[in-house]
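Beneath this line is the structure, given in structure tokens, with notes to follow.
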Amino acid sequence: MLRTIKAERITKPAFAAIRTSTRLTQANPGHLNANQPPPPARLETKPQRPATEVGWDKPPGHSWHTSPSPLSSSSKGKEKDTGTSTSAEQSTSATPSKPKSRLKARSAALQLSPSAVDQLRFLSSSRGELLRVGVKNKGCSGMSYHLEYVDKPARFDEVVEQDGVKVLVDSKALFSIIGSTMDWVDDRLSSKFVFNNPNVTETCGCGESMRFD
């Protein structure tokens with residue numbers, strides 16, 4: 001129902017309000033009247049896309065890849081330092097410590113005096129052979145020293161090398177001679193090799209034979 005308003009008093013704003021009220025009344029006469037303000041305009045909202053999705057549609061057989069967020073310089077430095085220290089610790093723990101050697105240098109079975117070295121050098125240069133020291137059954141006390149020249153060492157001979165000269169010790173006499181000192185004595189009465197042997201327990205009166213433990 002339109003209001004009756006005199007023509008001379010109608011202004012433009014009043015006329016626009018009358019037209020709006022008339023349209024709303026015709027569209028929904030049961031709920032609106034002339035005194036009710038118009039309802040607010042309805043806004044259409046579109047569904048928001050999930051934040052974790054890169055796109056709505058993807059072609060078949062294609063997978064989306066997202067690049068990792070860049071690390072700051074401080075984080076990179078910490079990661080680098082941590083990796084270096086970890087690798088150093090792993091290399092340290094993986095490398096076994098070398099066991100200390102408890103083996104001592106074995107002393108020679110026979111020691112040579114300077115005069116014995118000179119005489120052995122002379123004999124080796126003149127004869128071109130090696131001198132072998134052994135023991136055999138002889139004399140009053142039962143054993144005596146035996147010296148012989150050989151071309152090369154036997155299979156089980158003990159090779160004693162000192163100051164550039166070599167002398168052989170018979171394997172059968174090794175336990176009787178070990179720890180001895182070989183000397184060369186040259187006097188008016190005789191020239192011979194003598195032995196200072198701590199293994200001797202008894203000697204005969206002439207000194208040619210001895211007894212061992």
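Positions of Cβ are set from backbone N, Cα and C atoms, glycine also.
In TrEMBL, annotation is done automatically, which means it is predicted and not curated.
Features reported for this protein in TrEMBL:
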COMPBIAS  1-11  compositional bias 'Basic and acidic residues'
COMPBIAS  19-28  compositional bias 'Polar residues'
COMPBIAS  83-97  compositional bias 'Low complexity'
DOMAIN    110-208  domain 'Core'
REGION    1-110  region 'Disordered'
Segment-level pLDDT (mean, integer) for the domain 'Core' (110-208): 89
Across the domain 'Core' (110-208), DSSP labelling yields 21 helix, 46 strand, 32 coil
